[in-house]
Amino acid sequence: MVMWVFGYGSLVWNPGFHYDEKVLGFIKGYKRVFDLACIDHRGTPEHPARTCTLEKAEEAICWGTAFCVRGGPEKERLAMEYLERRECEYDLKTSVDFYKEDDPLKPAVTGVIVFTSTPDKVSNKYYLGPAPLEDMARQIATANGPCGNNRDYLFLLEKAMHDIGHEEDYVIELANEVRKVLAESSTKKVTPVKESRASRVANKSKNNVPTAHQILPHHPEAVATTI
């Protein structure tokens, strides 16, 4: 028996399970969106991260990597148990056709499993839904979890898509907006001005000079002179 799984998020650069074959390609009718909450890897329940899920889009394609697991039911079971724990925020497993670049019309593999999510906040508590780019960028720039921060997840995906030769405008645009948020945040941090030794000595000397009010009460003749 053979099991195929399509990865379009962190699985692309970090599958984390034993597989026998890896193939670059794409699926049709879906686009990648950052509309799913992650509360146990790159975020927390109080401050969820935004991670990838798929949204149906008739003319869209989504590039990624298909992983093949061969060796019988036990090997497939172990791989799937790992994936279900890891992809626990995804409430659906969808069967799709997988295409390779050299033949974009004929499926290279059918029945490929892909983890997706129901786009409904009522039936799927992890579904965040779309948001303005700036709002998503602020959330991604600040979310952190046990496995790292949310921005690294996005930047690693951006790099992975570049490495496989299929950069995605949406991912690049979101990553650049996160960089903008991080840059703005760093400029708001004011670094205290360090006083030079010469300035400290001068200020100390200035502070040690007694004022007229400190001198005059002890010298009545000085009072008469000033009057």
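Here the Cβ of each residue, glycine as well, is placed from N, Cα and C on the backbone.
Here is what Swiss-Prot says about this protein:
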BINDING   Val5, Phe6, Gly7, Tyr8, Gly9, Ser10  substrate binding site
ACT_SITE  Glu87  active site, proton acceptor
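Overlay of Swiss-Prot annotations on the structure.
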residue : record                       : contacts (Cβ under 8 Å, 6+ apart)
Val5    : substrate binding site       : Leu11, Tyr19, Ala66, Phe67, Val69, Ala79, Leu83, Val112, Ile113, Val114
Phe6    : substrate binding site       : Ile27, Gly64, Thr65, Ala66, Phe67, Val96, Phe98, Val112, Ile113, Val114
Gly7    : substrate binding site       : Pro15, Gly64, Thr65, Ala66, Phe67
Tyr8    : substrate binding site       : Ile27, Arg32, Cys52, Leu54, Cys62, Trp63, Gly64, Val114
Gly9    : substrate binding site       : Arg32, Thr51, Cys52, Tyr153, Leu157
Ser10   : substrate binding site       : Thr51, Cys52, Tyr153, Leu156, Leu157
Glu87   : active site, proton acceptor : Phe115
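The substrate site is set by Val5, Phe6, Gly7, Tyr8, Gly9, Ser10; from the centre of their CB atoms, other residues of the chain with a CB within 8 Å are Leu11, Val12, Cys52, Gly64, Thr65, Val114, Phe115. DSSP classifies Ser10 (substrate binding site) as helix under the three-state reduction.
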